[in-house]
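Engineer: Here it is, the structure, as structure tokens.
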DNA sequence: AGATGTGAATACGTTCACAGCC
DNA sequence: GGCTGTGAACGTATTCACATCT
């Protein structure tokens, strides 16, 4: 049996994966632990230890083979298949998510888009035709969707989440700022840009204050 | 001098802050460490230790006063002021970000929106009129903006980042999936929905495989 | 009852220093 | 020279168990 990896480790592996994929797009062939550390905010020593932990070796003086690294991490994390996603909300945000290349590039296909506004039904966003939310359950079953994205106004988020759960969705990506109440076993993730801002601003103002007191 | 808090601690404090703010909106008065733990994914014992570390006490049998908690954390993190942000990209994504109440609610004001498409200049997104990107430098200086959001197509992101840095922006929120190359001292953050998906899916498939081998 | 608060043990992450390889 | 690989020491986080308060 394959051992289950530590949460911290898998979390960091996804960061190396995404960073390395981007560096490959820039034409890079090898990446160093120092670089991965800079882009991910993780200590280079930790990067080397992590890659070691999954039995992936680099070459000294050069770094890690970017392509092999991506393959190794994808294998370890079991990210070889693609996933169909259900997106609810065909407004500006939903349209932006559906048209972006980011998700498909990583194996996540926006397979269905739903809304409750009759004016939006039948329109095309990205490559898919917007359906009425009442068809959610049927589509989820047909396309074997376990991941749902909520890109509705905040006021609709909880209700949409409940319909998703009822339809069989297991993982919900929530672009609104409401706290979703879901049954155990359902994973929710909020996309919250302020999280990183608040954290960064704290250190930014700390540095400013230190500089101020040094001048005194 | 006020001591600088550990990165891990400040990171967790922002999570307590955001969840507690949302619970207040739901009409809640007190919150328990158990609840905060459930919504943030942090162990309840850790929650109590953290609140203890910033000298914030709850009442046994009840929990923590939600409103006081928000105030205490905001004070500790220095999040009492509001920040003006510059948003570049007035497409679907930019419009969605500018119209959302999420940022203003947390003290982040979308003060200026820029684009390079003449058709979009002069339009209103959210509450602000779209300006040409050439005015970035002037606006950043006038409104004292240190935070910028990139909501352009991926192909424009690096160039926009460079213009932001030149204009004096210190923190960049990047909604594209390109790796931004910026000078030291500039903080960048990618909004990457796949990060959390990949991590979650790993554990989801692990659980499935465990169940499978139990049946064997 | 139902929470907070805290000691103690353990696991995990971070950092330094340096050996080893290309 | 530049980067990987790793031992050792340290600091931080996690968890258990239980005393304590309302």
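From the backbone N, Cα and C atoms, a Cβ is placed for every residue, glycine too.
Just lifted these from TrEMBL, have a look:
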DNA_BIND  B:15-54  DNA-binding region
DOMAIN    B:78-179  domain 'CoA-binding'
BINDING   B:89, B:90, B:91, B:92, B:93, B:94  NAD(+) binding site
Engineer: For the DNA-binding region (B:15-54), what does DSSP give as the number of helix, strand and coil residues?
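Structural biologist: The counts are 29 helix, 2 strand, 9 coil.
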Engineer: Which of the binding-site residues B:89, B:90, B:91, B:92 have a Cβ less than 8 Å from any Cβ in chain A?
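Structural biologist: Going by the Cβ criterion (under 8 Å to chain A), the qualifying binding-site residues are B:91, B:92.
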Engineer: Excluding near sequence neighbours, so keeping only residues 6 or more apart in the same chain, what lies with its CB under 8 A of residue B:90 (NAD(+) binding site)?
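Structural biologist: Residues satisfying the criterion: B:98, B:113, B:114, B:115, B:117, B:120, B:123, B:125, B:130.
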Engineer: When a 10 Å sphere is centred on the Cβ of residue B:91 (NAD(+) binding site), how many other Cβ atoms does it contain?
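Structural biologist: That number is 18.
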Engineer: Fewest other CB within 10 angstroms, which one of the binding-site residues B:89, B:94?
Structural biologist: B:94
Engineer: Let me know how many other Cβ atoms fall within 10 Å of the Cβ of residue B:92 (NAD(+) binding site).
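Structural biologist: I get 20 for this one.
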Engineer: For residue B:93 (NAD(+) binding site), which residues in the same chain are close in space, meaning a Cβ under 8 Å from its Cβ, but six or more apart along the sequence?
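Structural biologist: Counting only residues 6 or more apart in sequence, the Cβ neighbours of residue B:93 (NAD(+) binding site) under 8 Å are B:151, B:175.
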Engineer: Quick one: what's DSSP say for residue B:90 (NAD(+) binding site), helix, strand or coil?
Structural biologist: coil
Engineer: Looking only at the DNA-binding region (B:15-54), report the model's average pLDDT.
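Structural biologist: Averaging the confidence scores along the DNA-binding region (B:15-54) gives 95.
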Engineer: How many helix, strand and coil residues does the domain 'CoA-binding' (B:78-179) contain under DSSP?
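Structural biologist: Helix, strand and coil residues of the domain 'CoA-binding' (B:78-179) number 37 helix, 29 strand, 36 coil.
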